[in-house]
Amino acid sequence: MGVTVKVPATSANMGSGYDSIGIALDLYNVITMEESDHIDISDVRDDNIPKDENNLIYQCAKKVYDICGKPLTGLKIVEDCAIPQTRGLGSSSACTVAGILGANALLGDPLSQENIIDLAASIEGHPDNSTPAILGGFCVALLEYGKVWSVRVPMNGTVDFITFIPDFELSTEKARAALPQKVAHHDAVFNLARAALLAGSLTTGKLENVGVAVGDCLHQPYRFDLIPGGRDVVHAAKCMGALGAFISGAGPSIIAVVDSADKTYLSRAQMYCEQNFPHWTPIRLTCDEVGATVTRF
Ligand code: HSE
């Protein structure tokens, strides 16, 4: 028996919700996995991925086998990863979740969804990515002593997430190292008010609040210096009519939240980038409401 696991991209933080808010997006890593007597990893896209025991999907699968006390001789893994790596769109979370869910399915589902959510966040370190990758939708999530406390908040009103992806990478490690050890009390208050406003506004459909609600002074001001053109792209995204715009996750991608009724936003953004920001490519994504899925074959 084998399994196919499909895991969505995620955008963490959404501006104000640093390390706590994330949303699943309709761009996917699709992984097939079968037990084998050796490690056999391939990639349909010919991406440069580790093909040995250093492969993240394999490592996460092995962790599940270890937790369950089951020996693992090897796995045949075929990756079809559409989520670009190191762009702030949750590619490593998606691989972590795929490894855990795939192994769990191969073992006959010994882990509960709660176990899986906790394990994914503990391995990955970012519950704001791993939780929406599993549950889909818009989530608030935090990790405390190995347990994730989360809620999937229903969204009211339709928005597109126009995602400006640059042709350069930024590692999460580097983007986190740029942050200060301490922040001012008024900066903390600035963000917590906006993060709460963001969750409430998306739930109730009060989309006119989004521009203010994604405001942030905990991480973006420090990260923009690592993202050439990032500030300008956010500014342009808003000038073109977005409700709000922010760095996706740790960056470098930028996301503009756009009313779905604005049917020409993407083409305007494409034209603008071609002329002014040739290193950036905007694509239209929407919220994935399903989360990770597992199919047996
Ligand atoms: N909340 C995390 C960060 C997400 O901003 O560093 C990393 O993907």
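Just so you know, glycine gets a Cβ as well, placed from its N, Cα and C.
Here is what TrEMBL says about this protein:
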BINDING   Pro84, Gln85, Thr86, Arg87, Gly88, Leu89, Gly90, Ser91, Ser92, Ser93, Ala94  ATP binding site
DOMAIN    55-137  domain 'GHMP kinase N-terminal'
DOMAIN    205-262  domain 'GHMP kinase C-terminal'
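Note: Gly90 (ATP binding site) has non-local neighbours Pro8, Ala9, Thr10, Ser11, Ala12, Gly22, Ile83, Asn129, Ala133, Gly249, i.e. same-chain residues 6+ apart with C-beta under 8 A of its own C-beta. Here the domain 'GHMP kinase C-terminal' (205-262) has a mean pLDDT of 97 out of 100. Mapped onto DSSP classes, the domain 'GHMP kinase N-terminal' (55-137) shows 49 helix, 7 strand, 27 coil.
A Cβ within 8 Å of the Cβ centre of Pro84, Gln85, Thr86, Arg87, Gly88, Leu89, Gly90, Ser91, Ser92, Ser93, Ala94, the residues given for ATP, is found for these other residues of the same chain: Ala9, Ile83, Gly249. Note on the binding-site residues Pro84, Gly88: the fewest other CB atoms within 10 A surround the CB of Pro84.
Taking Cβ-Cβ distances under 8 Å and a sequence gap of 6 or more within the same chain, the neighbours of Ser92 (ATP binding site) are Leu56, Gln85, Glu124, Asn129, Thr172.
Across the range of the domain 'GHMP kinase C-terminal' (205-262), the DSSP-based residue counts are 24 helix, 10 strand, 24 coil.
Neighbours of Ala94 (ATP binding site), defined as other CB atoms within 10 A of its CB across all chains, total 32. All protein chains included, Thr86 (ATP binding site) registers 18 other Cβ atoms within 10 Å of its own Cβ.
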